[in-house]
Amino acid sequence: MDKIKQLRETIKNNNQIVFFGGAGVSTESGIPDFRSADGLYRQEYRYPPEQIISHSFFYSHPSEFYEFYRAKMIFPDAKPNKAHLALAKLEQEGKLLGVITQNIDGLHQMAGSKHVMELHGSVYRNYCQKCGKFYEVTAITQTRGVPKCSCGGTIKPDVVLYEESLDEATIYQSVQWLRQAEVLIIGGTSLAVYPAAGLINYYQGNHLILINKSPTPMDDRADLLIEGSIGEVLDQAVNIETIAD
Ligand code: NAD
């Protein structure tokens, strides 16, 4: 059977679906991922990107951190693509328990998804390190240098930097969903970033579907492996009524 048709059938026959995704879900919205050929890790910087977006670098080199972060991590004009929209539709139809994402771009919520666990936080939430005041993303995009609160403290994005831990409540809810899931669809992620990638071990079901453009360490475990564009695949599986064998 055609793989998309197989995916469509699995979706049709199950109501406890969970989606786990990463940066590849948003490349079709124009946001570069980290590890593709034109991803951020192939570009030349004075420091490696992992170092720049680390906790220690944020404190030791805040100006350089913010220069990179503004240019490479915030995309306020990006719009949800077919993958985000298909997942929002599945949630509205009562088929999807939730989306667990490593992305920080807010595009799932923009597409209409309500049940989203952001393992690595969001560029849309920012807090003063001194007084805790909340700031919109414009506090970063419409300023220069290191953004400061009215109290004098430094504003920090609510994004999990390298060397920082994931939020416990977010992990807890993600694990709950993964334990309940009949179907787990993983897509647009190299599954290289831990501890996020390790969470999928909590899934115990029989329908592990992996949609990615390049190989991942979990390919052998997939019940259905689809090499392709996540937007096209999910759109065809969720929105197109009939597909020929
Ligand atoms: P990654 O860059 O390591 O891997 C992305 C994967 O997606 C690659 O395997 C690539 O082949 C695949 N891919 C790219 N475009 C695709 C498409 N259209 N269809 C199907 N597959 C596609 O990303 P990751 O695994 O999410 O890990 C990187 C970390 O970077 C994450 O922790 C995330 O927080 C962060 N990040 C987030 C964003 C964002 O918010 N949009 C962007 C860049 C990086």
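Cβ coordinates come from backbone N, Cα and C, glycine included.
Bear in mind that TrEMBL entries carry predicted annotations, made automatically and left uncurated.
Feature annotations, reproduced from TrEMBL:
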type     : residues                                                                                   : note
DOMAIN   : 1-245                                                                                      : domain 'Deacetylase sirtuin-type'
BINDING  : Ala23, Thr27, Phe34, Arg35, Gln102, Ile104, Asp105, His120, Thr189, Ser190, Asn212, Ile230 : NAD(+) binding site
BINDING  : Phe34, Ile104, Asp105                                                                      : nicotinamide binding site
ACT_SITE : His120                                                                                     : active site, proton acceptor
BINDING  : Cys128, Cys131, Cys149, Cys151                                                             : Zn(2+) binding site
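Feature map: annotations from TrEMBL on the structure.
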residue	record	Cβ within 10 Å
Ala23	NAD(+) binding site	24
Phe34	NAD(+) binding site	19
Gln102	NAD(+) binding site	23
Ile104	nicotinamide binding site	23
Asp105	NAD(+) binding site	24
His120	active site, proton acceptor	20
Cys131	Zn(2+) binding site	11
Cys149	Zn(2+) binding site	18
Cys151	Zn(2+) binding site	11
Thr189	NAD(+) binding site	27
Cβ under 6 Å from ligand 1: qualifying binding-site residues of Asp105, Cys151, Thr189, Asn212: Asp105, Thr189, Asn212
In three-state DSSP terms, the structure that Ala23 (NAD(+) binding site) belongs to: helix
Mean of pLDDT values spanning the domain 'Deacetylase sirtuin-type' (1-245): 94
Between Phe34 (NAD(+) binding site) and Ile104 (nicotinamide binding site), the C-alpha gap once rounded to whole angstrom: 13
Maximum Cα-Cα separation (Å), residues Ala23, Thr27, Phe34, Arg35, Gln102, Ile104, Asp105, His120, Thr189, Ser190, Asn212, Ile230 listed as binding NAD(+): 20
Candidates Gln102, Thr189, Asn212 (binding-site residues) - the one closest to Cys149 (Zn(2+) binding site) by CA: Gln102
Within 10 angstroms of the residue listed as 'active site, proton acceptor', Cα basis - binding-site residues out of Cys128, Cys131, Cys151, Thr189, Asn212: none
Cα-to-Cα gap, Asn212 (NAD(+) binding site) vs Ile104 (nicotinamide binding site), nearest whole Å: 19
Most Cβ neighbours inside 10 Å, all chains, among the binding-site residues Cys128, Asn212: Asn212
